[in-house]
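According to TrEMBL, the protein has these features:
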{"type": "DOMAIN", "residues": "2-81", "note": "domain 'Threonine synthase N-terminal'"}
{"type": "DOMAIN", "residues": "90-326", "note": "domain 'Tryptophan synthase beta chain-like PALP'"}
{"type": "MOD_RES", "residues": "Lys120", "note": "N6-(pyridoxal phosphate)lysine"}
Amino acid sequence: MKYFSTRGSEQVLSFEQAVLTGLAPNGGLYIPTNIPSLPSNWETEWANYSFTELSHAILSLYISPDEISPADLKQLIEKSYSTFRHPEVTPTKRIVRENGGKEEEIFVLELWHGPTFAFKDVALQFLGNLFEFFLKRKNAALAEGGRQVKEEEKHKLTVVGATSGDTGSAAIYGLRGKENVSIFILYPLGRVSPIQEAQMTTVPDANVHTVAVKGTFDDCQDIVKALFSDHEFNAHHKLGAVNSINWARILAQIVYYFSAYFSVKRQATTPALQFVVPTGNFGDVLAGYYAKRMGVPMSHLGIGTNENDILSRFWKTGRYEKVASNVMVEDDSEEAVGAMAPVGGSTDGSQAGPGVKATLSPAMDILVSSNFERLLWYLAYESESGEGEARRKAACATVDGWMSKVKSDGRVVLPTSVLEVARRDFVAERISDEQTLDTIRKYFTSKSTPYVVDPHTAVGLAAAEAIASTPSVSPSTSPTQIVLSTAHPAKFSEAVNEALANSPGFDFESQVLPVEFKGLLEKQKRVIEVPRPEIELVKGVIEKVARKETTTTEVGGDASL
């Protein structure tokens, strides 16, 4: 299996090259040259596989044994998921939705049983082990024949990422202590929750560096993109990506769609299934698209967005635009400045900036969905005529044109024919903060199956209910819905407490707070503060650390610029 950029290039990469490169030099995202077919007997052969066995079967379809042997891949997978608290890794939980006096069966796919209690652990535990595996192999090749390899000759990787909270901690826990890997995570100072910040800044491993930037998440993400685009800096420091632009993250997430399919099929009363995914950057639901294309039987993939609804607006209008045309705001306007403030004093970490509304589900507060470009490529490919390489190149050129429009104009309007193809596989719903709070209350106060969810999962549950009541999506059947639960509710305590403060019998500490979080806020922190969102300041941090001229220090005597 080979990989190429969504924006076109003569270069076709191996899996290892695609993973270590992360973002294509032309700004595109790597995708496989083809989506593999499943074995004819997969439904019977894989039905009772464990999560690690399923991972091995699925990942082997995308990774050539010439690159990673079956035995090595098995070892990597087992190592990655040995860190999870649940034996099923991503278990499903059956709950009941009360709808108009009726009880409806629904399943929640719990993706937060990893080290940082977030779905991103599923991919980032694997990606961290992949990075280490590839680098060790490269360095072993240098030492063949007993040659003494100098430290400066070794293959190393400097991982740089931006986070709105969960990606940073999951990446750090995936890469902490890894040989020949340094990781720098940028986050907006004061705009992530205390728990999220503590998970990142209390990790003592010497290869971990947290950088608090005085600015927004978009500022942090812009700096990371600029670092990757600086060819000289990138080549010197050998930058690697952990954000969901890295193909390995999407690949690892495909597995839990198969796992949930087999689990729910054993329990559901209705055989038809539908996945509903709360999403901002589109990576989690994109993995479901690959699973669907591979052959997992499912109806439309449901997308739940919060009030930052670039995705739901696209499925309604065909316009992919950063801000809805009728509510465009100027950067210095009163409305834009107001959007910067946390919602209701929330400490869950507003990521909002101009054009982005701060919500109770901050991980989904985005302007542009990074992974949507991968889906756009498949939509473009279906709209092109021709065969083989010529058709692939035409699709790449189309995507390059679309993304150029988004960059220059903030929007692109896709042809109606393309929108119709998109609607074949997806349906999207926008969920407000009020609906989010109501949904948290609804499932906690359920008489049948009381259940506490975080605000992002609540967006998914509310979207699922809205989709279930839309006859045009599934006119002849009522599929059993599986909602992806992306984070433990304790990670978003403000929203959960706001929703349930007046609910009889609710006690956050005894019912929600994991033992792993107790005392976390009191631990010593290591963080470097950057006073302005300027790329040169962040470059300076990385270069100083690389030269071992500075290290992070405890809060109270922080390393600052």
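The backbone N, Cα and C atoms fix where each Cβ goes, and this holds for glycine too.
Just so you know, TrEMBL annotations never went through curation; they're auto-generated.
DSSP places the residues of the domain 'Threonine synthase N-terminal' (2-81) in helix, strand and coil in these numbers: 32 helix, 9 strand, 39 coil. Counted within 10 Å of its Cβ, the other Cβ atoms near the residue listed as 'N6-(pyridoxal phosphate)lysine' come to 33, all protein chains included. In the predicted model, residues of the domain 'Threonine synthase N-terminal' (2-81) average a pLDDT of 96.
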